Amino acid sequence: MSIRRISQRAKDEKTRKLLSRIIRVDQAGELGADRIYAGQIAVLGNTPVGPIIQEMKEQEQEHLETFNKLIVEKRVRPTALLPLWNIAGFALGAGTALLGKEGAMACTVAVESVIGEHYNSQIRDLMEDDPEKHKELIKKLSKFRDDELHHHDTGLEHDAEKAPMYDALSQVIKVGCIGAIWLSERI
């Protein structure tokens, strides 16, 4: 077997692992986001901010559907933590919504700031691996990142920073998101 063949196999394996990690964690993240918004809607759905939350939830559902399809198409094992993220996402959404519109929006801002950075990191990884090969996935991740950053800005426009203990709440949620990402990439 030639060195070139071994080198190509190693690169192919590296690419496969990169794609599996991205698709697995993004499916989990989009499920979590969908459940966060479901929890917020359960509490705030009949308030003036309800339609705004519903609109963000619908975008998250589009993202989730994309990753659900990619999981099957690319034969990626989903994270074993999906049931946990289902419950934790809803609880986080409902819990922060119980603090009022500001609490729900503070949650959105915290989550989406982490996810925006996360998508940027994934886009860089795909560009480094092979920008042409990953052109379509990069395009999807870029759109989803832009949607997430729009949600972030929407949260700020709707008084996120007026939430009780905003800084502490935001930091706890960000640390939780970073931990969930780390776990979902691996388990």
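Note: Cβ is positioned from N, Cα and C throughout, glycine not excepted.
The annotation Fe cation 1 binding site is assigned in TrEMBL to Glu30, Glu60, His63, Glu148. Under the heading Fe cation 2 binding site, TrEMBL lists Glu60, Glu112, Glu148, His151.
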Other CB atoms within 10 A, centred on His63 (Fe cation 1 binding site): 23
Distance, His151 (Fe cation 2 binding site) to His63 (Fe cation 1 binding site) (CA atoms, angstrom): 13
Same-chain residues at least 6 apart in sequence whose Cβ lies under 8 Å from Glu148 (Fe cation 1 binding site): Glu112, Ile115, Gly116, Tyr119
Intrachain C-beta neighbours of Glu60 (Fe cation 1 binding site), sequence separation six or more, cut-off 8 angstroms: Glu30, Ala33, Asp34, Tyr37
C-beta crowding around His151 (Fe cation 2 binding site), within 10 angstroms: 26
Protein Cβ atoms within 10 Å of Glu112 (Fe cation 2 binding site), excluding its own: 24
Local Cβ density at Glu30 (Fe cation 1 binding site) - other Cβ atoms counted within 10 Å: 24
